[in-house]
Amino acid sequence: MIYDFFSLIFVFICLLGKVWAAVKLQHSWSQIFTGETITLRCEIQGGEGKVWKYEWTAPNTNSPPTSSEYRISTVSVSHSGDYRCRGSSDYLLTGWSDAFTLTVSFPSKPTVTLQPSWTQIYSGETVTVRCEIQGGEGAQWTYEWRAAKLNTPPTSNEYRIIRATESDSGGYSCRGRRDYFFSEWSDIITLTVSYKPKAKLRADNTAVPVGGSVTLTCSVNPSSSSGWKYYWYRDEKSSEALTTQDAVFHSNGQISVSQEGLYRCRGGRGNPVYYTEDITASIRPVVTLYPNWSEIYRGETITVRCEIHGGDTEWDYEWETNSRIKAPNQNEHRIRSASSSNSGNYRCKSRMKSSQHETTEWSDSVTLTVSDNVHSAASLTVSPDRVQHFTSDSVSLTCEGNSTEWRVRKFSEDGRLSDCRRMTGSTCNINTSKSDTAVYWCESGSGEFSSAVNITVQNDGNGPILVSPVHPVTEGASVSLSCSLRTQKILSNVFFYHNDKLIENDPRGELKISAVSKSDEGFYKCQYSGRESAQSWMSVKVSLIIILLLLLHRCRQSKCKSLFSIFINIHITLGTFQGY
């Protein structure tokens with residue numbers, strides 16, 4: 001018996017040197033964050049083939065497991081500390097393992113950064129949006145993004161925009177994911193993509209004094225944009241930038257020159273270099289109307305102006321118009337008492353006074369229509385200026401005219417005629433719901449009526465709406481239709497339909513009609529990511545005052561039971577009704 005006892009001790013001591021325990025982390029993570037799930041495993045080295053029982057020592061626990069795995073489903077900072085284990089099998093008992101030190105920390109909130117660090121960039125530039133988690137550099141993260149137009153967001157920490165467009169504008173945020181653990185979302189960083197800017201060139205004097213010099217200044221607007229380096233050129237077609245042998249270079253985009261000639265400049269930044277438009281190359285004027293009305297009435301006053309944005313150069317102007325009254329060779333054509341002979345298309349171009357061979361391109365045409373109709377004594381404007389709206393949108397309908405007493409009338413889809421319940425002065429305020437789909441018009445205290453407009457409320461909160469004009473479009477004028485989501489105002493890759501026929505097979509951001517004709521009248525809708533908007537009727541140059549009076553007359557005769565069918569029968573539906 002004594003012999004057997006000493007034999008067991010001998011076996012135990014011998015095995016003690018060959019069998020030992022070790023604590024290992026199941027995951028290959030170098031950092032553990034609060035909220036994650038981890039598993040520690042006790043492995044008996046050299047004890048294969050035996051059935052073991054396990055003991056654990058761990059911080060902040062009174063009931064450690066007796067199995068080989070120690071699982072913590074939601075780890076916290078209090079779980080930080082040393083973990084040890086040992087095993088026993090029959091008469092065998094290993095020693096305690098070396099301590100495994102577990103450190104649990106709070107993950108930092110991710111940060112979105114831009115490289116280069118410009119929040120204002122321009123179409124065509126390259127920018128990298130990066131997600132950074134401070135203190136989590138060694139962790140194996142998968143990343144999630146919320147971004148302006150990411151249909152398939154990357155899972156890496158970088159999103160590279162090779163050639164930025166305006167549709168890349170918007171907010172960017174990210175978070176990290178590891179197994180079932182998520183960090184919090186980063187703050188949103190807003191990226192603004194604008195049209196390619198033009199350099200602005202100024203001269204302190206346009207004549208070089210004998211033995212003297214002239215200082216030229218090149219800048220890029222907006223002044224808040226940064227990182228610009230300026231390149232200078234002399235003569236119209238030179239592609240070689242000026243050097244220190246040609247001019248004296250100062251800071252802040254200034255040079256001093258003593259030689260006569262036509263000087264040009266442009267700004268560049270980034271790698272590869274992104275250039276602004278050249279100040280003297282392809283300058284294009286813009287024709288504007290003051291007031292900005294494309295249709296005016298006989299006897300009104302309006303100014304047609306030719307404007308060149310950027311640069312303080314002096315110009316001569318040339319106009320081209322198909323109206324019966326020709327415009328003078330000045331930058332402004334003021335029409336004091338308009339008549340139908342002033343109707344037509346206007347465009348202009350400019351020529352530098354100091355260099356008559358240096359001319360701009362022709363501007364786009366602007367159409368001016370002078371109507372002989374009597375100006376309506378009442379008008380109705382809608383803000384936002386579109387037919388379709390989402391539920392819970394704030395929409396205001398404002399009456400204007402020579403009256404101090406107004407009411408906004410509403411004719412609903414179910415045939416009910418009512419007044420706006422929330423009038424503030426001459427404005428009706430609506431927090432839209434499906435029941436607000438209706439025809440609206442203004443009535444003054446003295447009996448004048450405005451044109452009627454249609455408001456349609458989109459019931460599908462996730463679907464798109466068509467952004468189209470509320471009022472009829474004047475024949476010959478330009479119009480743009482676009483598509484919008486509640487969460488994203490600017491959409492690309494949109495298909496447009498006219499009377500249920502696909503207009504073009506190529507998706508685009510908006511549908512532009514440069515000169516509207518009667519054939520453009522009809523129902524329009526848009527499609528984005530497989531979802532269609534409701535249809536909207538776009539009317540071309542319809543006399544709404546006469547039609548509204550006709551409708552009201554018909555309404556009285558039929559006791560207003562089916563005003564919607566009247567709208568359809570006489571083909572002046574202004575708005576959109578789902579299913580038409």
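Just so you know, glycine gets a Cβ as well, placed from its N, Cα and C.
Helix, strand and coil residue tallies for the domain 'Ig-like' (35-103), in that order: 3 helix, 31 strand, 35 coil [DSSP]. What TrEMBL records for 35-103 (among others) is domain 'Ig-like'.
Per TrEMBL, domain 'Ig-like' is recorded for 110-194 (among others). In terms of DSSP helix, strand and coil, the domain 'Ig-like' (110-194) has 3 helix, 40 strand, 42 coil.
Taken as a whole, the domain 'Ig-like' (197-266) shows an average pLDDT of 76 in this prediction. The domain 'Ig-like' annotation in TrEMBL covers 197-266 (among others).
If you look up TrEMBL, you'll see 285-369 (among others) marked as domain 'Ig-like'.
Among the features that TrEMBL reports, domain 'Ig-like' is placed at 464-543 (among others).
The region 'Disordered' feature in TrEMBL is assigned to 330-349.
Here TrEMBL flags 1-21 as signal peptide.
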